[in-house]
Amino acid sequence: MQHKLLINGERVSGEGEKQPVYNPATGDVLLEIAEVSAEQVDAAVRAADAAFAEWGQTTPKARAECLLKLADVIEENGQVFAELESRNCGKPLHSAFNDEIPAIVDVFRFFAGAARCLNGLAAGEYLEGHTSMIRRDPLGVVASIAPWNYPLMMAAWKLAPALAAGNCVVLKPSEITPLTALKLAELAKDIFPAGVINILFGRGKTVGDPLTGHPKVRMVSLTGSIATGEHIISHTASSIKRTHMELGGKAPVIVFDDADIEAVVEGVRTFGYYNAGQDCTAACRIYAQKGIYDTLVEKLGAAVATLKSGAPDDESTELGPLSSLAHLERVSKAVEEAKATGHIKVITGGEKRKGNGYYYAPTLLAGALQDDAIVQKEVFGPVVSVTPFDNEEQVVNWANDSQYGLASSVWTKDVGRAHRVSARLQYGCTWVNTHFMLVSEMPHGGQKLSGYGKDMSLYGLEDYTVVRHVMVKH
């Protein structure tokens, strides 16, 4: 099993303290991996900085060819990656292989193409005897911090645009779910020049802090919690690094009386509970207009009750375990606090699964009020709340009354209403009559405490560049 890291083109073992990596479906330790030392963090950053001198000057074609090769080897090793992701994260194996691996491959292929389409502005004369041009150039060394919910996918989202733009990367996956990133290191070693990609292992305090605070790191990209984002922004403030933050969400799902209820039920059953709800865009905060509220709660409760939790390697499993024991306890605590309000009703679920592993039952809570913690705070588990609303104005205000601003959806047959509401929602993405749909060509990113910066799309590529003006006198 993967345990070696990648520093300056060499696969090495960490020199720091060993950390256990668990199988969340059983609670068993899969293996122990040694963290990198502070000296190894420094070596990785310096290797990336040295490699940037050449990699930053390569042609878009050359960078694209490397990204395409990496996409190909990920696709060829798709089963291996899916099995590692399933064992380390608890994801259903069929979901990892059929849903995530193709999307990951597509991200690398998209940015391979996008690398060849990134241009500055054409030259022009704005001062007599001088010609100006605008360049988009790479920044240098990017420190990327990936989360534990989609380890390989988030590694792809961070590596692909940074490399396509001509940057060099030092990636730290979550210490909870490092295995697919370490497998990626093994495959990337012979594709990219030494130092262009470096992949480390370790905790935030021991590895993340020295990495993000390193003086030669020019940009830090994080997908993680608000608390982690606040820490990194504060930690890097003195060195004025560029930061790119995706910090979670609490997606409002606005269901009007005229919505197709069957489509809503089918959608939320999938989009609210995919990956055991461990998704920052999960359809977890439903606002149902009072005319259809009771019907929606009844039908959705019946549908959610049919979701099957089970072993990740079982083809019939729809929900695996949560990622860690600590996270299981956080999710359980959030639901217990909701139940204690007295007015929130558990329609289905609401408890830990008995037996081994970190399983929580798919849960639907009805009667939640706007100010309830279950409505306002991200649970990041298989938990969906439903709140009744009266009219369009009220629900738009409630939807926007949140510290988060990542994703949202509107369900209605009224095209005018769909446009009106979508225009007023303070979220990076709004879906209409669907939810959770992501494509490489479109940007993903938030507002408010959900962060700033875009993943995927040409906008994501531009985030990893600096705009420069060059003026030539003649």
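Just so it is clear, glycine is given a Cβ too, placed from its N, Cα and C backbone atoms.
Residues or ranges marked as active site by Swiss-Prot: GLU246. Under the heading active site, nucleophile, Swiss-Prot lists CYS280, citing sequence analysis as support. The NAD(+) binding site annotation in Swiss-Prot covers ALA146, PRO147, TRP148, LYS172, PRO173, SER174, GLU175, ASP209, SER225, ILE226, ALA227, THR228, CYS280.
Here the features listed in Swiss-Prot are painted onto the structure.
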residue : record              : Cβ contacts under 8 Å, 6 or more apart
ALA146  : NAD(+) binding site : MET154, ALA155, LYS158, LEU171, LYS172, PRO173, SER174, ALA181, THR223
TRP148  : NAD(+) binding site : CYS89, SER174, ILE176, THR177, SER323, SER324
GLU175  : NAD(+) binding site : GLN19, VAL21, GLU35, PHE201, GLY202, ARG203
SER225  : NAD(+) binding site : LEU247, GLY248
ALA227  : NAD(+) binding site : none
GLU246  : active site         : LEU222, THR223, GLY224, CYS280, LEU406, HIS444, GLY445, GLY446, SER450, GLY451, GLY453, ASP455
For the NAD(+) site as recorded (ALA146, PRO147, TRP148, LYS172, PRO173, SER174, GLU175, ASP209, SER225, ILE226, ALA227, THR228, CYS280), determine the largest distance between any two Cα atoms, in Å, rounded to the nearest integer.
24
Reduce the DSSP letter at GLU175 (NAD(+) binding site) to three states and note it down.
coil
Does DSSP put GLU246 (active site) in a helix, in a strand, or in coil?
strand
Give me the count of other Cβ atoms within 10 A of the Cβ belonging to PRO173 (NAD(+) binding site).
27
Note down the number of other Cβ atoms within 10 Å of the Cβ of CYS280 (active site, nucleophile), including every protein chain shown.
26
